[in-house]
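Engineer: Provided herewith is a single structure, encoded as structure tokens, for subsequent inquiry.
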Amino acid sequence: MKKLNTQSPDFQAGLKALLAFETAQNPETERIVADICADVQKRGDAALIEYTNKFDQTNAKSIDDLILTQADLKAAFERIPNDVQTALQTAARRVESYHQRQKMESWSYTDEDGTLLGQQITPLDRVGIYVPGGKAAYPSSVIMNAMPAHVAGVKEIIMVVPTPKGERNDIVLAAAYVAGVTKVFTVGGAQAVAALAYGTETIPQVDKITGPGNAFVAAAKRRVFGVVGIDMVAGPSEILVIADGTTPADWVAMDLFSQAEHDEIAQAILIGTSQAYLDEVEAAMDRLIETMPRRDIIEASLGNRGAMILAKDLDEACEIANYISPEHLELSVENPQEWAKKIRHAGAIFMGRYTGESLGDYCAGPNHVLPTSRTARFSSPLGTYDFQKRSSLIQVSEQGAQKLGETASVLAHGESLTAHARAAEFRMK
């Protein structure tokens, strides 16, 4: 891991270098995705079947071979162990409870001239959620993407999940059952994103696509944005821990590992105010790494993008955190709620020594789909509001037509838009 000290004259340069991440799009990936999207848009189901058989090594004869029914999802739920059933239900219940509180409601008011103004909230009609498939599958992603849509009142939630070599993951399908997914198609990659965006003979066009995927999925989401909405194009996973030295070093070490084990370009950063404590955490990491099944990935991640930063105090640590704008921020300090008030930019803030980031990944309640790559400066977590729309309401009274008409007429003439002005003037006495 890199070692940085805020008192060093080259600290800012070192921090910028640490956060630099090459996000340039691969031209070859973009070309392949463009061809796939165009083909699916043109040939529909036939293209989808061909690409699925080619990339996932399946042997689908027709689109019916790629459809899972509610009965299939229920059967998957019944096949998994009881403790896993309970865990899925507990996580879904907590995520649902949290996202209920995010639900936007319609409102209106009448101003002094009798004009009614307001905002009408409606859910999206149909959404698609992309879920990675195969052995390394993530049922938590199903819950985090589907449940907010369910709470928002979306009538149709369509899930696509690849099944390489026909391998289905029962826990993922069980999560879909618990989270209220309407339909499931066993397709993945750019072809699945294109099918959701453009529609095929069998897969209906959705209004928005959410969920994580590989570089091809990300490129496809970028390409279809505008035809449909998307949640975000996520970068590598990130964690920043601010520690005051009161949390056991082993706990902090494992929290850093929890993000580093995602992949070699994930980022784990620790900011401390004591060199002795940073050394203690480093020693704990050296000891605990021996027990990690994904040791190679963790070591590569920490070597590539990990860091320990020595700050002069917690105020400075918080300012650094605001600059980094991390996906996950742990405030492993005393009085964490007070320090949280100093944080302006973070996807999720985990307060106190007992609030490990992994609890938020699975079952605390808030969404784990979070802005990465410093986009927390202007972006927010996935939520119920992402599956709702706002429409403005305006009902002008006869009296209001006089008052507003005068203003609109003057402004319209100022813009040389005569018809606009006349439309307002016709309603004036």
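Keep in mind that glycine also has a Cβ here, set from the backbone N, Cα and C atoms.
According to Swiss-Prot:
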{"type": "BINDING", "residues": "Tyr130, Gln191, Asn214", "note": "NAD(+) binding site"}
{"type": "BINDING", "residues": "Ser237, Gln259, His262, His328, Asp361, Glu415, His420", "note": "substrate binding site"}
{"type": "BINDING", "residues": "Gln259, His262, Asp361, His420", "note": "Zn(2+) binding site"}
{"type": "ACT_SITE", "residues": "Glu327", "note": "active site, proton acceptor"}
{"type": "ACT_SITE", "residues": "His328", "note": "active site, proton acceptor"}
Engineer: On a C-alpha basis, identify the one among Tyr130, Gln191, Asn214 that is nearest to Ser237 (substrate binding site); the candidates are the binding-site residues.
Structural biologist: Asn214
Engineer: Counting only residues 6+ away in sequence within the same chain, which have a CB under 8 Å from the CB of Glu415 (substrate binding site)?
Structural biologist: none
Engineer: Nearest to Gln259 (substrate binding site) by Cα, among Tyr130, Gln191, Glu327 (recorded positions)?
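Structural biologist: Spatially nearest to Gln259 (substrate binding site) by Cα position is Glu327.
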Engineer: Sequence gap of 6 or more, C-beta under 8 Å: which same-chain residues meet both conditions with respect to Asp361 (substrate binding site)?
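Structural biologist: Spatial neighbours, sequence-distant, of Asp361 (substrate binding site): Ser140, Ser258, His368.
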Engineer: Which one of these binding-site residues has the most other Cβ atoms within 10 Å of its own Cβ: His262, His328?
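Structural biologist: It comes out as His328.
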Engineer: Just going by other Cβ atoms within 10 Å, which of the binding-site residues Gln191, Ser237 has the emptiest spot?
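Structural biologist: Each of the binding-site residues Gln191, Ser237 was scored by Cβ atoms within 10 Å; lowest is Ser237.
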Engineer: CB neighbours of His420 (substrate binding site) within 10 A?
Structural biologist: 15
Engineer: List the residues of the same chain that sit at least 6 positions away from Asn214 (NAD(+) binding site) in sequence and have their Cβ under 8 Å from its Cβ, in sequence order, or write 'none'.
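Structural biologist: Listed in sequence order, they are Pro132, Gly189.
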Engineer: Just to be sure I understand the packing, how many Cβ atoms besides its own are within 10 Å of the Cβ of Gln259 (substrate binding site)?
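Structural biologist: Taking all protein chains shown, Gln259 (substrate binding site) has 27 Cβ neighbours within 10 Å.
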Engineer: May I have the list of same-chain residues other than Tyr130, Gln191, Asn214 whose Cβ is within 8 Å of the Cβ centroid of the recorded NAD(+) site, in sequence order?
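Structural biologist: Everything else in range on the chain: Val160, Pro162, Gly188, Gly189, Ala190, Ala192, Val193, Gly213, Phe216, Val217, Ala220.
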Engineer: What is the separation, in Å, between the Cα atoms of Glu327 (active site, proton acceptor) and His262 (substrate binding site)?
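Structural biologist: Between the Cα atoms of Glu327 (active site, proton acceptor) and His262 (substrate binding site), the distance comes to 14 Å.
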